[in-house]
Amino acid sequence: MIAVYGGGNIGEALVAGLVSSGRTDITVINRRPERSAYFRQTYGVASSEDPADAACEVVFLAVKPYVIVDVLTLLAPLLPEGATVVSLAAGVTLAELTEAAPHANVIRVMPNTPMLKRAGMCAIAPAPGVETAEVEPLLQSVGETIVVSEKDMDAVTALSGSSPAYVYLFAEALIDAGVAHGLTREVSARLAIQSIRGAGEMLASDKSAAQLRYDVSSPGGTTVAAVRALEDGGLRSAIYAAVDACAERNRELTNPR
């Protein structure tokens, strides 16, 4: 059995992915009865407001970071021996999770919001000696997975967890620039979004990002002029600064409570 504790956006995305992959042995724990009814009706899974119903072999904690330790402390005595607890909350360390549930196998995961479209990236950091083989296929129902060391989680959060927002900001600026050049917002949005989607597909090839850029940059051409303007405007250094700021903020949030 699988429990998903928390029926917000991330919890629902995980449930939707698991159900689409054929899993039905799922219980969702919510605070509100109407939300429980929604999960039962929409996904055909068990759902309740009773924390005791989360006493499953695998438990995903999809709650806010500031409550996750309290939730796990409540659940710990209810969990079966050898249960695996997977935290989807940013900034909560494996040490904190292990202290709250010393008899569980704890795993820390940094997801990102494209998992809502089953195109997410989940970075998995297990506690020492904990295997991820059971959890990886479950998370792959909402995208891709990669196993990392916990010490890399600040960088992972900055590069993967928060980076969809960087892309959205770039898309917003690109759309606005198209409007400034006389395109309707609808046309500009369609052009920008499909270009970004297509570029993402190209990046999944064997070619590096730099090589792909070289391939579309004819000598003396329009793309070279545009890229030079981006470089002169500090795009590269701004991305470095954004990743630095995000990683630093994650370090601050990860300080012991």
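Cβ atoms are placed via backbone N, Cα and C, with glycine included.
Noted in TrEMBL for the protein shown:
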type    : residues                   : note
DOMAIN  : 2-91                       : domain 'Pyrroline-5-carboxylate reductase catalytic N-terminal'
BINDING : Ala62, Val63, Lys64, Pro65 : NADP(+) binding site
DOMAIN  : 150-253                    : domain 'Pyrroline-5-carboxylate reductase dimerisation'
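Just so you know, the Cβ of Ala62 (NADP(+) binding site) picks up 25 other Cβ atoms within 10 Å once every protein chain is counted. Following the DSSP three-state reduction, the secondary structure of Pro65 (NADP(+) binding site) is helix. The predicted model assigns the domain 'Pyrroline-5-carboxylate reductase dimerisation' (150-253) a mean pLDDT of 96. Around Val63 (NADP(+) binding site), the same-chain residues at least 6 positions away in sequence with a Cβ under 8 Å from its Cβ are Tyr5, Gly6, Gly8, Val71, Ala89.
Same-chain residues that are not part of Ala62, Val63, Lys64, Pro65 yet have a Cβ within 8 Å of the Cβ center of the NADP(+) site turn out to be Gly6, Gly8, Leu61, Tyr66, Val67, Ile68, Val71, Leu88, Ala89.
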